[in-house]
Amino acid sequence: MDEVVRSSVLQNKQSFLRDLNPLYIVDHLVSDGILNEKEEEDICSQKTRNEKVKRLLDVLLGKDNHAVIRFRRALEVEGSSHLAELLKSRSSASSSDDCEGSSIDAVLWEGGVPPRPVVFVPRHEAEKALRSQLRLLQKKPGWVVLHGMAGCGKSVLAAEAIRDGPLLQDCFPGGVCWLHVGDVHGPELLMKLQSLCLRLDKAGSSGLPPPQNTLEAKDKLRHLLLKMYPRSLLVLDDVWSTHVIEVFDVQGRIMLTTRDSRVADHAHGNIYKMEVENEMKEHQCLQILSGWLHHPMSDLPVEAQLIIKETKGSPLAVSLIGAQLKDFPNRWQYYLQQLQQRKFQRIKRRSSYGYEALDEAIAISVQRLSDENQKYYKYLAVFKKETDILSSVLSMLWDKDIEDVEDIMHVFVTKSMVQRSHVGKLIVYRLHDLQHAVLYDLHSNEMPALHDELLCKYRKRCADDFTQLPNDGYIYHYLCYHLVQAGQLENLRRLMFSLDWLNSKLRTVGVQHFVGELLQFKNVLCSSGESAADTWQDFIDFLSPNGHLLVAREMPHVWQLALSEPVSSEVYAQGLRKVQEQGKDCVFVEWLNKATAPKLFWKTFRVHTGPVYGACFSPNGELVASCGGDGYLKVWKAETGEEHLSVKVHLDLVLSCSFSADGKRIATCSADGTVKVWNAEDGGLTVEYEGHDEDVLHCKFSHDVHEPILASCSKGWDIKLWGLKCKQPKATLLGHEEAVRSSCFSPDDLNLASCSLDGTLKIWNITSGNEEESVDVSGFLKEVPAALKTDLKACAWSPDGNKIVVVALNYIIVLHAPTYAFEKLLNTSPESSILSVDFSCDSRLCAVGLSSSAVEIWDIENEELKLDGKGHLAWVHCVTFAPNGAHLLSASDDRIIRIWNLKSENVSVHGRLKKCIDVAFPSEDTMLIAAANEDDGLLVLSGETGDRICRATPEKHDVFCCCLNLEGVIMAAGYEDGDITVCDVHTGDVLRELHGHQKCVRKCYFLTQHPYLLSCSDDGSLRMWNLSAGTLIQTFQHHESSSSVLSCDVCLSRKLFASASADKTAMVWSLQQHEAPLTFRGHADCVRCCCFSPDGCLLVTGADDGTIKIWHIDDNRCSSLDMKGRHEGWINNLHFLSTKLLVSAGDSLKFWDISTGDLLQTFHTRGSDLVSLHVSLQRQMLITVDSLGLLYILRVMH
């Protein structure tokens, strides 16, 4: 008889006992030849009807399927069609009562299935997955192996999965039998089997002696499952050994829970495996704690989340702690400290789990390993928790081949003692935090020696020089950690205070990692005395402002950067020593006047691969969230730049991001029309809102910690308010007539301000969603021409609630918040537009980001510009004050995020130099610098001291260029309107005014020993002037008239001068003959600069596409530099330092080998956009000014 037929008879036994009259049925079965006379007599001899029915069923179960078919027909003939129908359908109608509701519990109770824990939290996805595996046993016997590490909830999950009526009815109508096995052997295992057989044997063989050995027990169990309990499920809980599987391998339907996924690999039949996740989600863990204490989750203290974080969501750990908190509800901090200190023995059993303490549950797995494998497993405690462990590292540590290592680790993986995953093609391993902590505790006395052993292995690989270590993907991340753990603190200091180690780290793991270790090990590094503390500070001061350079695609030379540090710095000293050790072919540059330069930024970071549109501090100021054109949300530490999260959040531009007031969530909005909220801890998506029809331009959380509201505004003219518990908007605010650019909540969250391209600022009531006020901002800008559209870009509400600022064009409009009346107007640079605005925490300062790439901070009350920060290279889309007011964050199109230190000295807004300067060297010991400052005054400075020699203040403004004659006694200045003035250097008096150019004068050049001046202009001409008479000698106009002549140079030895033009050509002219110039064509873009070689035989030109070409003047031949590492933008200036060495100025200074085109060195200034570049007579000194107005006097070392 097959098991389905047998199961249908047994399943309906109770119905037969209740309704069947056996005597009439027996007659039919005898007539049909199913029963013989002896069997008939045996049945009829039973005393009661129930006993007769039981005996009849037992006899039928010993026959084949045909016997049951004839039995069913006899029932139909005798009028018991309802009983016949039970056998016909092979399922029990009446048994539905047995498999639903309380009857399910009865089936499970009878089978010994453990009840739910005192506090139970469902894991619906896992339960569903396990039931799907169990349904695979419906038609054929087999195994379902549920495996996972200690305490992950395997047994609870197994019991809950079979607590399902449809599953039992469809797949296991024979019932369920649960047996806790454990770590048993020999006699203990036999006793388990005997007990199981006794539980199952209810059919009259109880008088027989129990099985005497495992073979007898196995046969007995097979008989019981096949004959008495067909299609039943046997659950073996907590199986440790393959020997157990051999005993229970009886061709039944079996589910087992185990830590070893391979334990049933050699069993007969189909095997289906499912791994249980080691960690529960935070809300599930909170449910457990809430259940134990009978408190709502919202009432749990902050320690609850910290405990979950420490336990990594282990169900066992959380349940044990919850059970103890039930008895001692005031011990939250105590148990948190026990976890943080890894004192797991204090967390003892007070729940349904079968271990005395948390550490015991984990340690027992270790004790079950062989002695050799215990030794290998012990080494895993050397690795820092939550660290990916590579096979190559273990191969070195264990002196084993990679294949042997993988075999050993496979044993640990199958026993759920190690987690294995793939990173690309690499196999990596990791210990769960709790496993790592217990393992570390077991071998705590050996740990320094184990770390030292690992370090010795690595020393052999690099000849005792850690800076020469090969990059194996591990050691550069964790060498310092191992040095600390081994107690080798002096070695740690030597390593971390070494430019060689820094250089190695930069090329392997990056600057953020190095800075992070400097901060992490600060106490250790500085503990040896004041000198060590000073050195630590030197490295921090070196790395902080150079962070954006050290993550650039073209890695700068570390020793070159070190030369720009203060002379007293250890970094400078090491850099100078390294430079002096180099060969003669190397080029380095030292910044001689660096002591006069102020500190501009606190930190500079480049974390995105595209423009950065939004950035904000977390409420505690420790983290920064940023988003941009690459579609990513990045969360990183404000102090180090160390990445905390990196999530691809949208498929289009991410235009804004906002932290919630509790710091647990981050909202993002995108040009894809969606708004999303993310978990700030793990980057998981919390909710996605879809309701805007066009680009969502801005999003902002309210200040409410408990029930935050998220406001989003879009290009589709609307604003939506969202709650976190519903995907539908709480309100949609309509009233603007064009795109809404920005919004902000009032400090009390009662109102929302929004600004739009329609020129209005609107105030909304949050509760009702009604518009309370509409302010026409364009009415406050009466001096703005009507043709200029009043585009409101951003708005901000002061923290004290008294002011609202809104920005339009280059204006900051201040409104009085209670009445929304106009208060004042602040005017920023007229050449730029304001893109972003924010208030400081004390409501005194207002920061704006400009399209001119500047960041400005204004004192609103005094209408005073406090900071004019130049450092970005493109539009500044976002400015945000830190919560403590000490720093300002700015984000730009240039992919850079800067954090400005508002407490330190910054660049003065007065007296800063413009980028156009000229330098004269009247003697070997004298250097004069002519420059224009931002007040449009003409200055002459001493190059040695920086002191001002004179100041000329012509009536004209807008100085664009200036130059000195060789003797340093006359200075000329060119203006944007085309005029030129000539002044006396010592008195500042204007000697001549020259008129002739129709547009901006780009450059002036004095001709030595002649009272002549050469000038070039945007009007497409060059002009030669006689300064004695103040007259125009000649106009040279062979370039296209519509194209600017951007630069010129003179070679007096050959009586030549050259010009570079926007028409993509350069020309060489004769100073003596009036013939047509020699024209050089070949550039694909505007030619911005030109320069003669010292002998006048070569002309070098630079173009806006970053290319450099060298022209041989005598034969009109061209050779292009095959430049590797070209400028990212325009080349503004060029100079020969020798016949083989060329320097170019653009975003930085670059030094080239002319013969090979190789880039020899790059000197990075604090600002950018270097325009003027001047070389001393001996060609050992360079002078330039950057976009911040900082003067650089440089010495070339080669």
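A Cβ is built for glycine as well, from the same backbone N, Cα and C atoms used for every other residue.
Taking DSSP states H, G and I as helix and E and B as strand, the domain 'CARD' (1-90) has 69 helix, 0 strand, 21 coil. Residues annotated as domain 'CARD' in TrEMBL: 1-90.
Mean pLDDT for the repeat 'WD' (605-646) in this predicted model: 90. The feature repeat 'WD' is assigned by TrEMBL to 605-646 (among others).
Same-chain residues lying 6 or more positions outside the repeat 'WD' (647-688) and placing a CB less than 8 Å from one of its CB atoms are 613-620, 623, 625-629, 631-633, 635, 694-705, 708, 710, 712, 714, 720, 722, 724, 727. For 647-688 (among others), the entry in TrEMBL reads repeat 'WD'.
Here TrEMBL flags 733-774 (among others) as repeat 'WD'. Long-range contacts of the repeat 'WD' (733-774) within the same chain: residues 694, 697-698, 700, 702-704, 709, 711, 713-721, 789-801, 804, 806, 808, 815, 817, 820, each at least 6 residues beyond the stretch ends and with a Cβ under 8 Å from a Cβ of the stretch.
Residues or ranges marked as repeat 'WD' by TrEMBL: 869-910 (among others).
Listed as Cβ neighbours of the repeat 'WD' (994-1035) (distance under 8 Å, sequence separation of 6 or more from its ends, same chain) are residues 960-966, 970, 972-982, 1041-1050, 1052, 1057, 1059, 1061, 1069, 1071, 1074. According to TrEMBL, the repeat 'WD' annotation covers 994-1035 (among others).
Beyond its flanks by at least six residues, the repeat 'WD' (1080-1121) meets 1046-1051, 1053-1054, 1056, 1058-1062, 1064-1068, 1127-1136, 1138-1139, 1142, 1144, 1146, 1152, 1154, 1157, 1179 of its own chain at Cβ-Cβ distances under 8 Å. What TrEMBL records for 1080-1121 (among others) is repeat 'WD'.
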Which residue counts does DSSP yield for the repeat 'WD' (605-646) in the helix, strand and coil classes, in that order?
0 helix, 23 strand, 19 coil
Within the repeat 'WD' (994-1035), how many residues are helix, strand or coil going by DSSP?
0 helix, 24 strand, 18 coil
